Amino acid sequence: MSTCTTIDSNADVSGIGIRVNLYISMLLVAIIPETNQTTPLLNVLVTNAGISGLALLITAIVQTAQQNLSLYHAIFIIHILFFTGVLVAPTGNYKGNIRSHLRRAIVAFIMTYGSVLLFTGYAFYIWAKAPTFGKNSECNDQIMYVFFFASVSATVGWLRRLWMAGLGITLAMLTLIPLASCLCLYSFGGGGSRSSIRKTSIKVSKPLAAIYGVVMLELYEKRNLHLLTSGENDFTFGQIMALVQIISALNEVFHFLLGGCTGEEEEEKDDESTTSQPQQPDSTPPEKKGKGSSSGVLHVQILIVAQLHFRRSFL
């Protein structure tokens, strides 16, 4: 006989403000197509989503260590971060020589992999310990997870094994894809254009995955609402902060739309001014061109390609 009474609410983890922030970030990244014009905007949006996701992950780890996080809220965090991401990478283009570019690429590469490894390890721990995890553990067998609109117990064995297998496969793919890109770049000296089939599949799958993530999480919240104490959607400090943070992403989209009307004209002017200027002959000796600089550029390109494939395939 179950001794479950209620699960303590935790508005700073799964309140309405947190959900709105993550939903908007996830949907913006999913629905905006990737083109030459939208690449700077997408870089900012991906970074904003990654920072919000990483903040939520760190909050979850701290509360888990303090025994203040329930299984309901832990599953909420794992589900939303699986679709939102926790990747943090710089978006600016900074000047410097080959060595400085290489150092920055290495740091960004380590942070990218470190964030995802942290999330994967935490998610594995949660699903492995699901029956006895965290605060109000007597209610764990009453928590219902929504899987393709079907409600199943969050502690059932096949669901836990499925999630752990999915996390392992995802981590393997996110590791192998960048490495394969690096090998191709190293072997052929540059990256070829992606096939139209792959582009089309990405355009279709990204919005569908984002919509699925939002709908399933809202259903998860509704199916377990009777277990939670009142106050889950109170506007606490954490929720207000999350709503304020989304202004940054919306501001970027707003400025992008404002600049869309004049963007092509400015590009044409820049192209005309560039072509009108005479090109200066390169005085670099041939022997210096072919050795240190080319290998340094190649190493930077390898790390950058791996990082970009990693962060975009994760989202």
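The backbone N, Cα and C atoms fix where each Cβ goes, glycine too.
On a predicted model such as this, the values are computed, not experimentally measured, just so you know.
Residues or ranges marked as region 'Disordered' by TrEMBL: 265-294.
TrEMBL lists 16-33 (among others) with the feature transmembrane segment.
Below 8 angstroms of C-beta separation, residues 10, 12-13, 18, 21-22, 25-26, 28-29, 32, 73-74, 77, 80-81, 84-91, 115, 118-119, 122, 134, 242, 245, 248-249, 252-253, 311-312, 315 of the same chain, each at least six residues beyond the ends of the transmembrane segment (45-65), sit close to that stretch. As annotated by TrEMBL, transmembrane segment applies to 45-65 (among others).
Taken from TrEMBL, the feature transmembrane segment covers 71-94 (among others).
For 106-127 (among others), the entry in TrEMBL reads transmembrane segment.
Annotation comment: TrEMBL describes 142-159 (among others) as transmembrane segment.
Under the heading transmembrane segment, TrEMBL lists 166-188 (among others).
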Going along the chain, which residues at least six beyond the ends of the transmembrane segment (16-33) come within the CB cut-off of under 8 Å?
41-42, 45-46, 48-49, 52-53, 56, 80, 83-84, 203, 206-207, 209-211, 213-214, 217-218, 221, 233, 235, 238-243, 245-246, 249-250, 253, 315
